Amino acid sequence: MSTVVLLAVTGLGLGALYFLVASGLSLIFGLMDVLNFAHGALLSIGAYGSWWAASGHLPGAGSSGAGFVLAVAFGTAVGTLAAVVLELALIRPLYDRPREQVLATVGVGLAVPALLSAIWGADARPFPGPHALSGTFGLLGARIPVNRLVLLAAALLVLAALRLFLGRTRHGLVVRAGVEDRAMVTALGVDVRRAFTLVFAIGGAAAALGGALGGLYYGSVDPGQGTSLLIFAFVVVVMGGMGSVAGAALAAAGVGLVQQFANYYTASGLGDLAVVVLLAALLLLRPSGLTGRLA
Amino acid sequence: MTTATPVREAAPDAAAVPPGARRWTRWWPAAALAVLVVVPYSAMPLPGLLDGPIGSAGSLQLLALCLVFGALATGYDLLLGRTGLLSFGHALYFAAGSYLTNAFMTEAGLPFVPSVVLGLLSGTALAALLGSVSLRVSGIAFSMVTLAFAQAGSLLVERDPGGVTGGEEGRAIPADALPSSLTGIGNTANLYWIALAYLVVTLAVVQWAVRSPTGRVWEGIKENERRVEVLGLRPYGFKLVAFVLAGALAAAGGVVHLLLTGGATPQTTTSDFTLSLLVMVVLGGSGSRWGPLIGGVAYTWADQRLGDLAGSGAVAGLPSVLRVPLSQPLFLLGTLFVIAVYVLPGGMARLPHRVRTARTRAVASRRPPDEVGKAGADGATRTG
């Protein structure tokens, strides 16, 4: 029983990480039809930003208490900034060339991890987290690391904030309408392109937050982290339906749980394989994605 | 003026080159090939470009790698530039050729030649099988299905089932499995010639395929798939032919790479490897005859040599703002790639043409007004 509980909570924690990456990816694809290969790079930027601040380089930030919160906020802000710069400088001039947009993000996705490893080395760096978050707590007889709960709480918070933003604000309305039918919204006289930068900022912030908290989850940061998470985020996006935040949340939880349980109860590594094969199977059975948005 | 005009009309893409020179420049690939064949006999040093004289084992190894990746990129462009299929899983077929051939030698204990043939055949069969499944979807979904299959292959290799793949370490070929003419530093020239032969075969196959009736249909699919369907052709079959042909060429490249590096390496299975192929093709010029080759050679050279250069005294003395990015070839290549996507839509292969067009325009703007309109229209048709 205790193993099942531990696996479930860990799977949900992993799912929370996937959700943070996939929610932005899903919105960006849903609205702009851009498959953002640089999303993993945004996550890495957030992770390294938080790590840099938490290691004492940023005055006021540190590895415990309010200092850690500041470090995470700093990492998230840097990631958001990077996403906005990416959209304004690289994606915007290529609006009428969709394939080139994907290629440009591929280039950024290659260059950013390389730059990170040029500055801080290719090896993983230990991530300084607060002592309060490195312990465990008891739940139904299982000892569960506290950082899983932090990830879950952050993901739920982001989910709630995104739903509020999309459902209750005017900008959110434009984004939702744009995901539904971009041509129609443009024809009605609303400049959807202004929402693009906003969506990129939101996606970048979520991914960077995921990177910062992923540092807690893995205990270290390394330049390739974001890229390796990206493929699982793609699985989540396709399963949850492009442009659907709630769908991404459900799919992320599902993928995280399947991966953890399969990795534990069958051979190690088989869970990852199962998820990847699931992606291919889903796309082949439902070519348009589960909600009919793809292709 | 009057003497220059007929030449331009007769050979619009020859621009200012006189007809005699044109006839001779047509044979430059043969001359280049002849030079490449005799390279191992040369002891000329190329300071900066190569570490030792051209004929030395280290330089030949690097040159052979450049040729293999140039050829591999040319094969990949069959999908990307010729048929318009964005596959993110091409690494899988390259790795399949390399790992399967190795497995036939080490696990099944087969001799060298049957292993190579079986490795090629099974790599091609894998491409046919997965291609027939992946091509049931199109667009971004196709890209992601191919990515998923390649990732599955990568995870499988990493898991090392039954000790066949060697996991993260890769799997070296046992020395006694190869003919003696292919092992040892002294025989690097033979490996170099094999790589060159692979390149020539790839270029010939791609050129022949693109000019065949099937190649015309590929071009049509790339431009507008729906219209090909309206003409009564089924794009699926044609796309599958392109996919299998590219997969077979990649598997052959995998075998050459296996011989060249003396083992199968897990880096060749990753999605990053496919992305680097994408970078090579776009950097060199997608959809052109020489572009992917140029891109592949330039990328491989930069990837191998920039790292060494970064360790040299010339770069170590630079301030850290310059030194840090220079020490990571992938950063430079990624940045170059983004720039190429922007300012160089046709890649490096289109560069001379663009320069020529720009020069014609500059000349035209200096002409009297009645000539300007004519030259301008001329330039416009050429850019299209």
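Every residue, even glycine, has its Cβ placed from backbone N, Cα and C.
Bear in mind that TrEMBL entries carry predicted annotations, made automatically and left uncurated.
Look at TrEMBL and you will find B:359-384 tagged as region 'Disordered'.
Within its own chain, the transmembrane segment (B:27-50) has Cβ neighbours under 8 Å at 59-60, 62-63, 67, 188-189, 192-193, 196, 200, 301, 305, counting only residues six or more beyond its boundaries. Marked as transmembrane segment by TrEMBL: B:27-50 (among others).
What TrEMBL records for B:62-79 (among others) is transmembrane segment. Distant neighbours of the transmembrane segment (B:62-79): 36, 39, 50-51, 54, 85-87, 90, 94, 188, 191-192, 194-196, 198-199, 202-203, 206, 209-210, 242-243, 245-246, 249-250, 253, 256-257, 260, 277-278, 280-281, 284, 286-287, 291-297, 299-301, 304-305; these residues of the same chain sit at least 6 beyond its ends, with a Cβ under 8 Å from one of its Cβ atoms.
The annotation transmembrane segment is assigned in TrEMBL to B:85-105 (among others).
The feature transmembrane segment is assigned by TrEMBL to B:112-131 (among others).
TrEMBL lists B:191-210 (among others) with the feature transmembrane segment.
Annotated transmembrane segment per TrEMBL: B:240-261 (among others), in sequence order.
Marked as transmembrane segment by TrEMBL: B:273-291 (among others).
Residues 276, 279, 281-286, 288-291, 294-295, 298-299, 302-303, 306 of the same chain, all 6+ positions outside the transmembrane segment (B:330-351), place their C-beta atoms under 8 angstroms from a C-beta of that stretch. The feature transmembrane segment is assigned by TrEMBL to B:330-351 (among others).
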Open item on the list: Using a Cβ cut-off under 8 Å, which residues of the same chain at least 6 positions beyond either end of the transmembrane segment (B:273-291) come close to it?
Closed with: 69-70, 72-73, 76-77, 80-82, 87-91, 94-95, 147, 150, 203, 207, 222, 267, 298-300, 303, 333-334, 336-337, 340-341, 346-350
